[in-house]
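Residues or ranges marked as transmembrane segment by TrEMBL: A:12-36, A:56-77, A:97-118, A:130-153, A:187-208, A:220-237, A:319-341, A:353-375, A:409-429.
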Amino acid sequence: MDTVDPVVLARIQFAANMTFHILFPTISISMGWVLLFFKKRFTATGQQHWMEAYQFWVKIFALTFALGVVSGITMSFQFGTNWPGFMNTVGNVAGPLLAYEVLTAFFLEATMLGIMLFGRGRVSERVHTWATFLVAAGTTMSAFWILALNSWMHTPAGFEMVNGQAHVTSWMQVIFNPSFPYRLTHMLIASGLTVAFLLAGISAYRWLKGDHGLEVKAGLRTGIYLAAALIPVQIVVGDMHGVNTLHHQPAKIAAMEGIWQTQKGAPAVLFALPDASTQSNRFEVAIPKLASLYLTHDWEGEVKGIDAFGTQHPPVAPVFFAFRIMVGVGMLMLAVSWLSAWRMRRGRDLATWQARVLVAMTFAGWVALLAGWYVTEIGRQPWLVQGVLTTAQAASQVPASNIALTLTMYLSLYAVLLTAYVSVVFHLAKKTSTANTLPGAQHA
Amino acid sequence: MLNTVPIVIPDLSVPAGWLPLVFALVMALAMLAYVILDGYDLGVGVLLRRADDEAQKDTMIASIGPFWDANETWLVLGVGVLLVAFPMAHGLILGALYLPVALMLLALTLRGVAFDFRVKARAEHKPLWDRAFYLGSLLAGWSQGYMLGGLITGFKDDWATHLFSALIGLCLVSAYCLLGAGWLIMKTEGALQLKAVAWARGSWMFTAAGVAAISLATPLVSSRIFDKWFSFPNLVMLLPIPAMTVALFFVIARSLKRLPTRLAQGNQYGAAVPFACTVGVFLLAFYGLAYSLFPWLVVDTLTLWQAASSPEALMVIFYGVVVVLPVIIGYTVFAYRVFWGKSTALKY
């Protein structure tokens, strides 16, 4: 195993765990608020179908939350096992942020979840609604702290280096670092979109299975309108985030755009196969000067290429493709959600083909989210903390064979669990729908 | 050689002195809370395999349903404090325990999701998830005991140490079973409750043997710990710890003997005794362990002051802990009060 670089293995393992983990909090962050919305609609209108919607989606929430918790525990251990250099160098910054996440968010969500799931009947409706709110608030607070730390790793601020260790000079600058507002907003909306398409997709699936109850329609409409409203906002926020990245991490932008040489009037590359060995794109399809326009707001503006960063630049191809996948899925989301919303106005039903498209896009949010996550995280390489600490410096001395062994174990388990998760979500939808469409079953 | 190095305890009136101590205490309390709270639900998981039928399994799971998420969070806090307050020790400890930690994480993952999947997946998959829940609970408990063994022996890498660690792993699983059985005696009724009494009896012996074995083996593997316990006047002053432990084991045994007759008469008096006394055993064992290890985080290598983060970073977290920890304890107590009494079927 000596021929395999342990740093590469450690990175693959961490990336695998992160990829698996991020799927679930992404859903629980927004799903918590959707559940609160359902519960509030129920208490405001007294209509039973809102409570039925709550009771259906809270099952999926519980499942998602459990997967988020257990994979999150794995993450908290791997900081130490895979990246001891991280805490040794920037522990004074990362430590308090992580500690506040556990103290203010994690306990709150996990404890209130018990009451939210099983407490109805044991506590008053008011307390139960409060528990739902606290779970939603907890998950969002969690995102706040984690994104603060993650943003700081991209755009570190408010610290000074003393003897090779970061010491905080201003917590306000650490938390509200230059990319934090954009990154947090972008992430929260991504979570909203993931949940919106999950809601719409599963509801459309139930509708196709013959369950035309009010509860299913409520889920469908909530999902579609939420997606239709959020996607344009996301496009604007994403663009602002891009401008911010150009300012702080120009190498990442060069990789995203597939621009190898610094140039004036840079083209917008629609498609290409970036080739690191020749430092150029093959099969490039590009619109001349467009990248300069949207990046610098000037047709002849200068855009830095990969060549401006020596060896300190991320691998181009993965960032380049991930960015195009994210944008592509985003465009698809825009088209599908607006078409569906237009169709569903004034209470009309979806066409069957539209429902099928929504089912196919049930987990579209995950695809866009992961692609975006790879853009931002691979785009930061070779740095772990931009300009402060490289990934290689932070890696541990654990033998490659140990990492390879555990990596295999993790990947197998994740494959099983992910398959189980997706099939159980659809199984729940099918089970509920069959029960609701049985002859003689009561419709609300 | 190392044993001749004097332990320097710094001036405790300055932040650099008392802050690491406070965080060592917070970490110890979080770990203790974890071992007791997740301990009983891991124990219930291991015992799941011995249930008679589906209904009993469902009741067992229902008894831990509202709590297990929050219970596991204490582990995150404990490891979190180790990570943020003692970063050097975190890297050293988790690096040395890389494989058992990975095993525990896999086990906890499997168990945490099996719990949720078993009721939601297709009916024919339920036994599979039940087995995953059992296996996850078993391996999680065992690997935690294995890690404890490593911690006590200072991560020596020889076969005797690994054997010792593996043995402690079995003892901890047994202790978790005793705790879990005690929990079930409190939270259930009827046939399952009587079964739980029998389970508790079975694990009592192994737990008692385990505690005795660890108490004897620990001083033998580390001469520094030996000196701490078996020198005058420490020996006399520490005697209450083993004495109280023996007394508690005796009370548990007596209670388990009397409970079946009493429960058969519909009398629930004393149903909480085995659980409460087992918690007492855990507290004493933990105290003894903490005394043995202090002030080391890694025996004979790293003290808690050597491993601590900068005082200013610790101070920032300290404010948070002081304000938030009481709130956390408050709503944890609230959650336990909401689900007080015999557990009922889980439905949502």
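Placed from the backbone N, Cα and C atoms, the Cβ positions cover glycine too.
At the 8 Å Cβ threshold, with sequence separation of at least 6, the transmembrane segment (A:130-153) lacks contact with the transmembrane segment (A:319-341), having fewer than 3 such pairs.
When Cβ-Cβ distances under 8 Å to the transmembrane segment (A:409-429) are tallied for each of A:12-36, A:187-208, A:220-237, A:319-341, A:353-375, the top count falls to A:12-36. Between the transmembrane segment (A:353-375) and the transmembrane segment (A:12-36) there are at least 3 Cβ pairs closer than 8 Å, counting only pairs 6 or more residues apart in sequence, which means the two stretches are in contact.
By the Cβ criterion (distance under 8 Å, sequence gap of 6 or more), the transmembrane segment (A:97-118) is counted as touching the transmembrane segment (A:56-77), at least 3 such pairs being found. Put simply, of A:56-77, A:187-208, A:220-237, A:319-341, the stretch with the most CB pairs closer than 8 A to the transmembrane segment (A:12-36) is A:56-77. Remote same-chain partners of the transmembrane segment (A:56-77), defined as residues 6 or more beyond its termini with a Cβ less than 8 Å from a stretch Cβ, comprise 17-18, 20-21, 23-25, 27-28, 31-32, 34-35, 38, 98, 106, 109-110, 113, 116-117, 198-199, 202, 215, 219, 410, 417, 421, 424-425, 428, 432.
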